[in-house]
Structure formats: structure tokens, C-alpha cells
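Below: one structure, written as C-alpha cells.
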Amino acid sequence: MSDPIATLIHQHHEADALLARVEGALRGDDWPLAQRCFDEAEQSLLGHFELEEQQLFPAFEAATGMRHGPTAVMRDEHATMRDLLDSCRMQLIAADRDGLLAELDTLLVLIQQHNVKEENVLYPMCALRVADLATLLARSGQPA
Amino acid sequence: MSAAPALAFERAPQPGLVFGCLLPAPWVGVAAGLLLAFGPPDGLPDRFAPLSLSLVHLLALGMLLPVMLGALFQLLPVLAGVPVPLARWLAPGVALCCVGTASALAAGFLQGSALGFRWAGWLGAPLLGLPALAICRAGWRVVAVNASTRMLRHIGIALLLTLLLGGLLASLFGAGLALPLPWLLDWHIAWGLGGWLATLLAGVAATVLPMFWQTPRPPAAAERLLPWLLYIPLALGGLEGAGLLLPWRQMALAGVGLLASLGLFGVLRAARKHDPAWLLWLCALLSWWLVAALGLARDYLPAQWPLGWWLGVLALVGGAVLPVNAMLGKIIPFLVWLHLRRRLPARVRVPPMQSLLRPVWQRAQVASLLLALTALLALPLQPAALALPAGLLFALSQAGLGGLLLSVGWRFIRLQRSLGAGAVGQSEARR
């Protein structure tokens, strides 16, 4: 596994850990911590989606000619996860603990199955097919 | 060979096909519990008591097999990109065939009549062989890259062998012949519990534990153990039929112990231990670990210990019913959510999974199942007195799950109608 792929996987783990901290904070009724961790998790996830959609997926599509394959599925799932993040944000604003925990539960499950697809299939394919992946990802300001 | 494998829910079969295999399972569990509660307790807790043998086959064949076949119909296309051939024709008959065969065997054991065995051996086993063959065929096309796909590639063989050996034994009983060789029975049980159940659960767990409970993914070296860690000793067991005595039972038990230890290591490091079903996985892995430990220590334990009963309860209820309950409580709300999301327009908000199956109800169901497991393990203390409460507790726990899943299905139908109608209404209002 090359470094840029390890960085992308690290971003997955970082967001997972932050969302788990949101859940933990909510269980301890620590709303300020939940808010802070959710802000960080949201920022981390949206930044990661943007990196993939702006840099990685177009490069993969250009290298393979596959425009309606795995990247299209991943984009759809990003859209669903963005909707779920919005739902979480609404529950956070309403300070509805159970509602937020329920939305987080669905979001986490969706993220995990999405990550498995990316880490098992798409990233290894990108590592094989996309030339100079490290420079490409670094171009968007992400360390690679 | 298929293309590179990926989780691809868009390739999953229609939900009705999978649900048809999964949803009857708890109700067969209810029947098994009631049979224990009100059946003839003579001979309990001996593993060869008619009631013990009936219950084993009701659970393994009537309850667990349809769930596992349904799971394979879903997992092969989703995890490995390989649909099961003829799944849409085979799936609708799976639950009926499994329950029918299990009932015929249960009747055979309880009444001592050859007719039940003949039905099971001559009709049930061949009919169940059809989905097993389809899974073997699909498995042949799976590219094995991790624990789950390694399991999917080879699991059909274990099912086929278990059914073949079981069909042979049932036919022998049906023809009025006595058990020819204890080895044949041991080999049937070993392929059923180790080759089929334990291997399938380990392969499924490698994907679903990280997905639903955020456990660490298994290390690559551990992933390569499947399925050979168990299949090699089980294959060596065949040589005993030719008179070559090898320690294959001990090797298989050690393999089960190693898989259970690896699983325990992951489950104890789960990020989402607060999920109600996490406890079921923990107890399931402890059960498999105990199966291995007790099985290996068998020769050094007091002869009066009811090891046969304990090993059966630990493997079938602790090791299999518990994770199957955990999975049903997760995968059905997830599939419902996913199908609603795919069917409804993007702007329509789909309620979260926890509003389909509330954690407080799931927690109560988990507690009732663990209580039932405890009662079943305690049964040998006073078999005649404890069979009734243990059976009723087990039936109650499964009725609870069955009721919860039916409520999820009912909400699926209602949400599909109401949200779909709402979405149509919104789009018409925009016009």
C-alpha cells in the first residue's frame, strides 16, 4: 500500500474515531464536546469527499475511461452521507439526543460499508492505474 | 472469474427473496423452544435422547440453515460480485424445504418411525442439495481476496458434504439399519458445526463486525486461515473411514479455538460496544471458545459432566443462534433503510435504522436470549424440571425477535407507501 492510499485510509479512521467520540459525548450528556467533535467529523468527512470527488475520481476516470463504474457509486453514496450529516446537524441544533444517536448510527453503518468498498477495491485500483497519486492528492492541500 | 470484488448492494437480490429466507427463522426457534418445554424429556440431557436429536435438527436445519442460505444469496452478489444462479427460483422454497426436512427428522427421532427419516433422507436432503450446488457454482467464480470472500468461495463444499452425510445417515435409519460407524456421525457433525457453521460465521463476521460494531479489521495473516484451518482437519477425518486414525477432531477444535480467540480480540476492541447486539457477539465467541476448550479437555474432565449437552447448546445456541439474532436485528433494518433510500427520491428523508428497530426493544430481546442460554446450560441440573422454563424462555426470546422483525417489515411497507405518496404529492405540487 503506497503512502497516499495510507493517508486516505487514515482519513477514514480519523472520521470514524471522531464520530465515535460524538456518540460517547452524547451518552455522557456532554453537549459542548459532542458539538465540537461533530464539527470536526463533518469537516473531516466533507474535506475527504471533496478530495476524492475533485482529484481522485476524475484522475481514475481519466486513467481507466470508467465514468459510470465504481466512482459513480461512490459519488451517490457521498451524496447520501451528506444528507445524513445534514440530518445529524438538525438533530444537534434541536438538542435531540436520541434523534442524533439514531442518525449517527445509520451514518456510521453507511460510512463503514462505503469505506470497505473504497479500501478493498477502489483505492488499490487507483494505486495501480493513477500515475503520481501522491502529487495529485497533495495538489489539493492534503498531505500525501 | 468475476471482476474485482466490491460491496455492491445494487447487485443484491430483491428484498422479498432474502426476507423470505430470514423472517421465518425466529418462529422456528419458537417451535423448538415449545418442543423443549412440552416434549418428552426422557433421556435428557443425553445428546442421543430423542428430544435432544429433534431439537438439534430443528435448530440447525429448520432455523439456522434458511437464514444462512438467505445470507449467502445476499452476500455472494454484494461482497463478491457473483450472483447465485437460479436464486430467484430457489430462494422461495428454501425456508419451506428446511422446515419440512427438519420436521420430518424431528418426527423420526421422537416417534422412532422410519418414515420421517425416509422423507428427510430421500426428499429433503436432495432438495436442499440444489441451493448448496448453486452456492458451490457461484463460489467457484469468487475471487478470494479476504476472509469473507475466501469463505464464500469454499463454503458450498461444507454444506454439500454435511447434507450428503446427513442424507446418508437418515437413509440408513429410514431403511431400518442401525448406525454403521460412530465415525460417520462424528464426521457429519464436524462438517456441520465446523466446516459449515463456524466457517460461515467467521467469514461473515470478518465483514459485519467492522461494519456494524466498528471492530478492527482482522489481520491479513488471520484472513488467510479461512477456510483451511478447519477444512484440512475435517478432510483428514475422512481417512478414519479407511482405518487411518489421525487427531483430526483435536486439530479442528484447536482451529475453532484460534478463530474464536481472534474474534474475541476484535470484539473486545469494538468502538460501538454500546450497541445492544454487541453482547450477543461477545457471548457467541465465548461460546465457541468454550466449545474448543471443553472439547479438547474432554478426556480429562469428570465422566458425569453433561459435556454432550453443553457442547451442543454452546455451539448451536451460543455460537450460532446468538450471532444470527444479532445479525437479523441489524441487517434487516439496514436492508430496509437501503431499499427505501434507493426507491424513494433523494429529497425524501428516510427515517434512521434505529427508528425502524428501537434499541430499547432490541436490548430487552438480547437479555431474554441470554437468559434462555443460561437456562439451557443449567438444564442438566434438573432436566425434568428445567426443560419447561428453559424452553419457554427460548421460545419467548425468539417470539420477541420475530415480532420486532415483523414490525420492521410492516414499517417498511407503510413508509414505502406514505413516503412514496408524499414524494409523488410534492412533485405534483411543484408542477
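Every residue, even glycine, has its Cβ placed from backbone N, Cα and C.
Going by TrEMBL, these are the annotated features:
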type	residues	note
TRANSMEM	B:17-38	transmembrane segment
TRANSMEM	B:58-82	transmembrane segment
TRANSMEM	B:89-110	transmembrane segment
TRANSMEM	B:116-136	transmembrane segment
TRANSMEM	B:157-183	transmembrane segment
TRANSMEM	B:189-213	transmembrane segment
TRANSMEM	B:225-246	transmembrane segment
TRANSMEM	B:252-271	transmembrane segment
TRANSMEM	B:278-297	transmembrane segment
TRANSMEM	B:309-340	transmembrane segment
TRANSMEM	B:360-379	transmembrane segment
TRANSMEM	B:385-408	transmembrane segment
Cβ contacts the transmembrane segment (B:189-213)/the transmembrane segment (B:116-136), at least three under 8 Å, sequence gap 6 or more: no
The transmembrane segment (B:116-136) and the transmembrane segment (B:89-110) contact flag, 3+ Cβ pairs under 8 angstroms: yes
Residues of the parent chain within Cβ reach of the transmembrane segment (B:17-38), under 8 Å, 6 or more residues beyond its termini: 51, 54-55, 58-59, 62-64, 66-67, 69-71, 73-74, 87-88, 91-92, 94-95, 99, 102, 106, 321, 324-325, 328, 331-332, 335, 372, 387-399, 401-402, 405-406, 409
Stretch in B:89-110, B:225-246, B:309-340, B:385-408 most in contact with the transmembrane segment (B:58-82), if contact is a CB pair under 8 A: B:89-110
Remote residues contacting the transmembrane segment (B:225-246) - C-beta distance under 8 A, at least 6 residues beyond either end: 147, 150-151, 154-155, 157-158, 181, 183-184, 186-187, 190-191, 194-195, 198-199, 202-203, 206, 252, 255-256, 258-259
